[in-house]
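Asker: Relevant sequence annotations retrieved from TrEMBL are reproduced here:
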| type | residues | note |
| --- | --- | --- |
| BINDING | LEU161, GLY165, HIS166, LEU167, GLU287 | (6S)-5,6,7,8-tetrahydrofolate binding site |
| DOMAIN | 19-120 | domain 'Serine hydroxymethyltransferase-like' |
| DOMAIN | 154-426 | domain 'Serine hydroxymethyltransferase-like' |
| MOD_RES | LYS273 | N6-(pyridoxal phosphate)lysine |
| SITE | HIS272 | site 'Plays an important role in substrate specificity' |
Amino acid sequence: MTDSLISSAYSQALEVIAAVEPRIAEATRQELADQRSSLKLIASENYASPAVLMTMGTWFSDKYAEGTVGHRFYAGCQNVDTVETLAAEHARELFGAPYAYVQPHSGIDANLVAFWSILANKVESPYLARMQAKNVNELSEADWETLRHEFGNQRLLGMSLDAGGHLTHGFRPNISGKMFHQQQYGTDPETGLLDYGAVAAKAREFKPLVLVAGYSAYPRRVNFAKMREIADEVGAVLMVDMAHFAGLVAGKVFTGEEDPVPYAHLTTTTTHKSLRGPRGGMVLAQEEFAADVDRGCPMVLGGPLSHVMAAKAVAFAEARQPSFQTYAQKVADNAKSLAEGFLTRGANLVTGGTDNHLVLLDVSSFGLTGRQAESALLDAGVVTNRNSVPADPNGAWYTSGVRLGTPALTTRGFGHEEFDTVAELIVDVLSNTEAGTTKAGGPSKASYVLGDGVADRVTKQSAEMLDKHPLYPGLVLS
Ligand code: DSN
């Protein structure tokens, strides 16, 4: 019954779309076909449920609702209030958080809201106090100048991009690396692991206002109690970006000192990665920061996407089911199977393995850059993304690594054996790919030559596994 409802709902929706712009309907059909027929290993992607996807396609998209529940800059927001209240309630329950702000449109937006709230809450500025207490028009140009200087000179310490941190954790080319006086911590050059002693030493010397923990390409768990100790010792605010591993926190794989929520002053996340919700962001906060976080819109964000907040509520309700804990545990178990599959075939992994949802494969031993490996794998229907490895000689564009995650294929039902086969297929492709040359005949970091027949062989073997674990099995488009 549910399958036929979903099939007929999507088939009819595509007909409605096709009547206006058939090329969009066709691209939408093709995207489903492509996702169904490829091995999706991008660590930040997943497959949301039809309930989550359908919730986004409604008239909530048409409503403006800047402000917060019960305090909007527009009339007629009673139903948006219901949606936002439910999404926040589910989020608080799911993560055991004192406060949840579900409006951010993305992870970067969530981090900007968190940065704003830390600055507003912690920067001791007589000008800021005056700005908040009085009509802002009473501030002189000189006051504003001082305020800009004070805000712009605050210190942030975050994990470097090549060690696995995110762009928004103080990477120089990103706004976070420009708006803050930033420094970065890395990982131990021998082990690739976080060295808490080194982070503490850097924090003592630099005395940041904000210590950012969390990662997008570090294949290990973090002890957030230790990070909080470091923050407390130097008087910093601990902000944890759990975008990548929120599903492992929600699914109770990361508990105790590996659960950031009780330790961080502010925890930010996206909702569409391992958490398997709609594309979007969220900030969880201790009470002390709630009022400042609430000013996120319109201070930092445009009007909330009410249709996406509704889908967040549905996804959080799904993640509160016991079945989500089973899923999250499988995500972590499958990452171990994938890592073992690589190690037994002689491939190099950053840190030598994984204990979260991702592995970082160093492809330099295959004589390839990350870009060449990513492209060759895509030719064989294996969708990954290239990624820097620590102290990467090829920089952030070409890179020397490929990042692989298990959340999406675990949703399709892949288990230990399939992930071992995935490792085998990837090693097959990379062992049969050679670095190409530039037009002038020199070594190229982008071009590559994939051996004859490899793409067909791997695609065929993938198809056997994918057919056993269909994506949206009951969904048949007419
Ligand atoms: N783009 C996300 C990722 O792939 O990790 C983070 O921004």
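Including glycine, each Cβ sits where the backbone N, Cα and C put it.
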Asker: Where DSSP helix means H, G or I and strand means E or B, what are the helix, strand and coil counts for the domain 'Serine hydroxymethyltransferase-like' (19-120)?
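Answerer: Across the domain 'Serine hydroxymethyltransferase-like' (19-120), the residues distribute as 60 helix, 9 strand, 33 coil.
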Asker: For LEU161 ((6S)-5,6,7,8-tetrahydrofolate binding site) and HIS272 (site 'Plays an important role in substrate specificity'), determine the Cα separation and express it in whole Å.
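Answerer: Per the Cα atoms, LEU161 ((6S)-5,6,7,8-tetrahydrofolate binding site) and HIS272 (site 'Plays an important role in substrate specificity') stand 21 Å apart.
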Asker: Return the residues near GLU287 ((6S)-5,6,7,8-tetrahydrofolate binding site), defined as same-chain residues 6+ apart in sequence whose C-beta is under 8 angstroms from its C-beta, sorted by sequence, else 'none'.
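Answerer: In sequence order, the residues whose Cβ lies under 8 Å from that of GLU287 ((6S)-5,6,7,8-tetrahydrofolate binding site) (at least 6 apart) are PRO98, TYR99.
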Asker: Reported as an integer number of Å, what is the Cα distance between the residue listed as 'N6-(pyridoxal phosphate)lysine' and HIS166 ((6S)-5,6,7,8-tetrahydrofolate binding site)?
Answerer: 14
Asker: Look at the binding-site residues LEU161, LEU167 and tell me which residue has the greatest number of other C-beta atoms within 10 angstroms of its C-beta.
Answerer: LEU161
Asker: For the domain 'Serine hydroxymethyltransferase-like' (154-426), what's the model's average pLDDT?
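Answerer: Overall, the domain 'Serine hydroxymethyltransferase-like' (154-426) comes to a mean pLDDT of 97.
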Asker: Who sits close to HIS272 (site 'Plays an important role in substrate specificity'): which same-chain residues at least 6 apart have their Cβ under 8 Å from its Cβ?
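Answerer: GLU45, ASN46, ALA48, PRO278, ARG279, GLY280 - these are the non-local Cβ neighbours of HIS272 (site 'Plays an important role in substrate specificity'), listed in sequence order.
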Asker: For a quick check of understanding: among the recorded positions HIS166, LYS273, which residue's Cβ has the most other Cβ atoms within 10 Å?
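Answerer: Per the Cβ count within 10 Å, the most buried is LYS273.
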